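Trainee: Below is the structure I would like to discuss, written out as structure tokens.
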Amino acid sequence: MQLLHLAILSPFLFAFIIPFLAKYAKRVHTGWFVLILPVLLFIYFLPMIRMTQSGETLRSVLEWIPSLGINFTVYIDGLGLLFALLITGIGSLVTLYSIFYLSKEKEQLGPFYVYLLMFMGAMLGVVLVDNVMVLYMFWELTSLSSFLLIGYWYKREKSRYGAAKSLLITVSGGLCMLGGFILLYLITDSFSIREMVHQVQLIAGHELFIPAMILILLGAFTKSAQFPFYIWLPDAMEAPTPVSAYLHSATMVKAGIYVIARFSPIFAFSAQWFWIVSLVGLFTMVWGSFHAVKQTDLKSILAFSTVSQLGMIISMLGVSAAALHYGHTEYYTVAAMAAIFHLINHATFKGSLFMAVGIIDHETGTRDIRKLGGLMAIMPITFTISLIGTFSMAGLPPFNGFLSKEMFFTSMLRVTHFDLFNVQTWGVLFPLFAWIGSVFTFIYSMKLLFKTFRGNYQPEQLEKQAHEAPVGMLVPPVILVALAVSLFFFPNILSYSLIEPAMNSIYPTLLDGHEKFHVHISQWHGVTTELLMTAGIVVIGTIGYLSLNKWKGIYKLFPSKLTLNRLYDKLLTMMEKGSYRVTKQYMTGFLRDYLLYIFAGFIILIGGAFAIKGGFSFKTEGMAKIGVYEIILTLVMISATVATVFARSRLTAIIALGVVGYTLALFFVIFRAPDLALTQLVIETISVALFLLCFYHLPKLRLKTKTRTFRMTNFIISLGVGVIVTLLGIASSSQRTKDSIASFFVKHSHDLGGGDNVVNVILVDFRGFDTMFEITVLTIAALGIYSMIKTKVKEEGKSGE
């Protein structure tokens, strides 16, 4: 295992230590120990920027299941490194923030930081592995760990509901994505993303291209909360604020964006990719920003804001597909450039806003915007953080959000000039949707800021006396807003170090024989259409915010009964009721019914498959002749079996069943296997004795009258099982595709096992572990039975078995 693999697995390894630290180092907040790891990982990944800047990549393979082509392959390029730095950098700040947010006296810190480290490791695995099967494994780990984090306050019903909702939706999408990965494997015969990229022409011309693309997009859309799968994200706000700041601003919700960007070289050649990704993203942007305006909970506003911003980034990745048709000029690649830049910007301003909202909740006891107001003088630093964050989110200068929003407008305006995918007619919708979504973004940004910090202070509405947060809680958001300001004045620090290498990863096929991408971001381009669109947003957005009370009645046009949340709840209820009804039909409580299902399934599936494929064919060559003794013993065994079934007392049935076992021992004698014969005799004797001992204490056997249908069903099922098992045995012995392994045991029994008794050597040496674990299972079963017999329950001074 190399250092790269260890870097990804280190959060999981460190998570094992956390419970002990939380238990035995109670004087120190557990977060201080946890903080060390993301900081070290960030420092480890940071120097790799020079490598990706020069166009180099880093690849390391750890074999896992090489026979299936599934290996733990770490591949670091510009895109993966960008996400790794976001995961570890934001993770460090969130961990520092959580130290002051979560009380070591009131909260269970051990589980919280175990879940947080699990999530961090899973996210690193998603963005840094090359094998899609390993990627899927880490993908599902992000869903599992986020479920645990969202449900951290598990005593709250809303927390449990939100956690279950996120798990159900994201895991369903993950299963779809797994199906897409398998389809790609069927096309390319490889699980490696790099090898898939090199077989783009093969994939594009295959009939499974569209199904694979749709399945992978479903996985990405569910994880990145795109319409109509966004409904899990607002309910996930029941998680502690550090979780929201980490998962829902910079990491988990960006996993879908990563997948779309990573698979763009494979799918972006198609018109379907362009339309699906860009339109779903644009519609989600408008839908999320529109619904954010009506929210009254600060975290709900940020949740719908996140939905909108993610849609904005995804729409740009969809539009960037045009570059694969026109070439890698700046005119067509600006959308990808803007998507990457806004990905970074969103992590800064949204992370700071989540932390600011957490501070407000922590220091006032509420997030209800109707109870807040007048906090600007009381919490001036938090106000400054919120001002920079909201203005950047609204796309106003001098903050980084303004630059990426202008680039977003540029990419949408250029769509109208694409002679591609028949966008001439519908191309005008792209900048129109972008502008409408930005207007609502401006309105909810102003609402979040001014409704919270301006107006009248209402101490009677608050659970706590409002005051400024401690310094430790303020440091992480201050760092983030400082980045938001700095990146406006010095954006090209990112251009050359992170954005260009990431674009090289998104467009690897465009660089063959061409020079590298050159990204340069400027604050001023003169009076352009984009600037006029921004001015219009400010004017219309200000009017919309000031007149919000007059037009917010429009939200009543959307009945609560028709919302996606209500639809989700109804579908869940219908599935639960339906599954209960179906289960009630076959879960009768009778063991014979369950055996009937099993045996009927065996007959239909196994018997049907063999019959269709012609598996029931027999060869008589090489078979020994059937002797008189064998015929006699067979008749005795059949007679004893019939007697067992029709016996009128348990004693008779047990004796007849014993005859079957002893007859089998005689077969072993005839076939010259004395050890097996002796073993069978001993086992049969013990079994008969135990049966007699147990049944002696049971009431007398009462023969109940059974219906003809019941008896006929039992007869058909038992006859079918017997016939199929017999046919399978004969067919398998007469249709050997390879030589029998018996000769190997006979030949090497003495040399390798040190014994001449082949059967004993097989049991003790060749399959020694099987024998050992069989004994272990029997021992555990015996202990369980013994404990049941010896355990006595005392009730009212009496004891009973």
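Positions of Cβ are set from backbone N, Cα and C atoms, glycine also.
Swiss-Prot feature annotations, pasted as is:
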type	residues	note
TRANSMEM	4-21	transmembrane segment
TRANSMEM	28-50	transmembrane segment
TRANSMEM	80-102	transmembrane segment
TRANSMEM	109-128	transmembrane segment
TRANSMEM	229-251	transmembrane segment
TRANSMEM	338-360	transmembrane segment
TRANSMEM	471-493	transmembrane segment
TRANSMEM	526-548	transmembrane segment
TRANSMEM	654-671	transmembrane segment
TRANSMEM	676-698	transmembrane segment
TRANSMEM	710-732	transmembrane segment
TRANSMEM	772-789	transmembrane segment
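How buried are these features, and what lies next to them?
Mentor: Residues 29, 31-32, 34-35, 38-39, 41-42, 45-46, 48-49, 52, 109, 112, 116, 120, 123-124, 127-128, 240-242, 245-246, 249-251, 254, 258, 340, 343-344, 347, 351, 355, 358, 362, 469-470, 472-473, 475-477, 479-480, 498, 501-502, 505 of the same chain, all 6+ positions outside the transmembrane segment (80-102), place their C-beta atoms under 8 angstroms from a C-beta of that stretch.
Within the chain carrying the transmembrane segment (109-128), a Cβ under 8 angstroms from the stretch's Cβ atoms is held by residues 4, 7-12, 14-15, 18-19, 21-23, 29-31, 34, 37-38, 41, 74-76, 79-80, 83-84, 87-88, 91, 95, 98, 102, 134-135, 137-139, 141-142, 144-146, 148-149, 152, 240, 242-243, 246-247, 251-252, 255, 258, all 6 or more beyond its ends.
Packing against the transmembrane segment (471-493) from elsewhere in the chain are residues 93-94, 96-97, 99-101, 341, 344-345, 347-349, 351-352, 355-356, 359, 362, 381-382, 384-385, 388-389, 392, 397-403, 519-521, 523: each is 6 or more residues past its ends and has a CB under 8 Å from a CB in it.
Tertiary neighbourhood of the transmembrane segment (710-732): same-chain residues 596, 599-600, 602-603, 606-607, 610, 615-618, selected by CB-CB distance under 8 Å and a gap of 6+ residues from either end.
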Trainee: Which residues of the same chain, at least 6 past either end of the transmembrane segment (676-698), have a Cβ under 8 Å from a Cβ in it?
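Mentor: Sequence-remote neighbours of the transmembrane segment (676-698) are 650-651, 654-655, 657-658, 661-662, 664-666, 668-669, 759.
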Trainee: Give residue numbers and ranges for long-range contacts of the transmembrane segment (338-360): same chain, 6 or more residues beyond its ends, CB-CB under 8 A.
Mentor: 82, 86, 90, 93-94, 97, 101, 241-242, 244-246, 248-250, 254, 257, 261, 298-299, 302, 305-306, 309, 312-314, 316-317, 320, 367, 372, 375, 379, 382, 385-386, 388-390, 392-393, 399-401, 403-405, 407-408, 410-411, 448, 452, 469, 473-474, 476-477, 480-481, 483-484, 487, 491, 494, 498-499, 502-503, 506, 521
